[in-house]
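Under the heading [4Fe-4S] cluster binding site, Swiss-Prot lists Cys121, Cys122, Cys204, Cys207. Taken from Swiss-Prot, the feature active site, nucleophile applies to Cys230, supported by sequence analysis.
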Amino acid sequence: MITYETWDIEQKPTFPIDNNEKGALHVLSWAYDHYSDDLLYACSFGIEGIVLIDLISQVRDDAEIVFLDTHLHFPETYETIERVKQAYPRLRIHLQTPSLSLAEQEKQFGAELWKTDPNKCCELRKIIPLRQAMTGKKAWISGLRREQSPTRQHVEFINLDKKFQNIKVCPLIHWTWKDVWRYVHRHNLSYNPLHDRGYPSIGCAPCTAPAYTEEDLRSGRWAGLGKTECGLHES
C-alpha cells in the first residue's frame, strides 16, 4: 500500500488520460480499492466538488465526505449541501467544525481575524479541523485542477502531502473549467447558485468575491490580502 511512510515515486500507478471522465473514475476506483475506509474526501461543495461527488458515488456510494464548516460560509453553500444529501442519501457527509466558536475566536484574537491575520484564521477554522477529520486516515481526495491557478499547475493524480503527512488523491487534474461545466450540465447536477453570479471559486463569505476572469479563477479569493490559498494545499 502506498502511504506517507512508504512513499516511493516509482511505485505510483499510472492512469489513462485520453478521456477525463474515465480517467477520474480510474483514479477513484484505484483509491477506494487501495485505501477503502482509510480514504476521506474533503469537499468545499464548489463546482468541482459537485462533479467529484457524482463520480465518487459511482465508485463508492457510501463514501465518507467532510465539509470544513467554518461558520462563515454563504447560506447558498449550506443549501447546496442539503440538496446533495438528498440526491445521494447513502453518502456519509459530515460537517467538521472548529474548536473555537466565532465569538471565542474574536475574544482571543480580535475582531475579523480573516482581515487582520487571514492565515491564522484559515489555520484555526480549516487546517486544524481537517487534521482532526483525517485522524486515522491514510489518504484524502481533493478537487484540485492544474488550470485553477499557477500554484496548482504541477499537481499529480497521486501526491505526497507533507502538510498532513498523508497521500492526496486528485482525480480532476486534467479537467478544464469547460470540462467541469459540461459534466454538470450533461448530468443535470444541482450546484451552488453563486457560480451563476460570478463566483467561480467559493469559500468563506468574508474572503470571497466575484471573479470575472477565466485566466485566474481564484482571483476572487482573499482579494487584496496577498493570499491565494487557505493553506490546505501548501506544503
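Cβ from N, Cα, C; glycine included.
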C-beta crowding around Cys121 ([4Fe-4S] cluster binding site), within 10 angstroms: 23
Assigned conformation of Cys122 ([4Fe-4S] cluster binding site) - DSSP reduced to three states: helix
